[in-house]
């Protein structure tokens with residue numbers, strides 16, 4: 001006899017209304033944009049951007065532009081700024097992408113009757129958001145929605161990390177770790193260079209200001225590098241084992257067919273290994289984004 005989870009998975013295959021369509025979590029059709037209006041999350045997301053832009057300022061204006069070696073400044077500037085743009089783009093994609101929200105309030109009597117359930121078919125209803133709860137979905141008290149394959153809610157991206165935006169979150173942690181390591185390396189080189197010469201000759205700022213800016217940058221880089229490197233490794237491990245952080249903490253036994261290692265990576269990042277895996281702009285349609293913005297100006301709902 002099939003378990004309830006297997007019966008639920010069979011229902012998702014036969015009833016497309018149970019599947020998360022392109023507008024899952026959006027209440028006004030195409031003309032909405034996913035954004036969580038959480039005070040703590042918005043503050044943390046703003047702080048993330050501020051700290052990345054601060055690192056850009058120190059690297060560019062304190063270390064690279066005053067440097068006498070043109071190629072050293074050009075190559076390091078192009079590398080650091082490119083990684084920073086990719087990190088911020090990944091942050092935006094993680095924050096503004098529907099993580100896999102289940103349609104809210106669809107567990108109505110009329111909707112249940114429209115599914116034409118067979119005797120013995122089992123589904124679950126979330127009492128908090130009044131929605132039919134698919135397998136591996138968990139309710140987020142901050143997003144106020146059930147999220148498919150919810151890994152965790154991250155205030156630094158002001159969103160849940162779930163089925164549809166985990167890829168961008170992994171890229172965000174990777175690029176932040178890279179620019180943090182790069183900033184630490186540049187800071188070490190700058191200290192070493194300025195010790196051999198006069199501080200006034202290696203920076204346009206006074207020695208005291210330069211030292212304070214560099215110390216704060218190094219502290220920031222160490223903290224960000226440690227946190228994002230650990231988070232990146234945790235996410236890759238979860239993807240390769242096809243197990244979310246919530247499922248691991250709850251010690252849930254898998255009732256689904258696991259996609260191990262490369263199969264899991266292909267599922268999350270889409271397609272076989274390629275450079276597109278590292279591109280946070282993949283799948284971004286400018287025309288669609290402009291339509292969403294116009295919809296917001298026209299009074300459409302903007303947040304969940």
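Just so you know, the numbers here start at 1 and follow the chain as drawn.
Using the three backbone atoms N, Cα and C, a Cβ is placed for every residue, glycine included.
Record note: among 123-144, 145-166, 211-232, 211-232 is the stretch given as transmembrane segment by TrEMBL. Your range for transmembrane segment, going by TrEMBL and the list 15-39, 40-64, is 40-64. Looking at 70-89, 90-109, the range tied to transmembrane segment in TrEMBL is 70-89.
With DSSP states grouped into helix (H, G, I), strand (E, B) and coil, the domain 'Palmitoyltransferase DHHC' (125-251) comes out at 75 helix, 19 strand, 33 coil.
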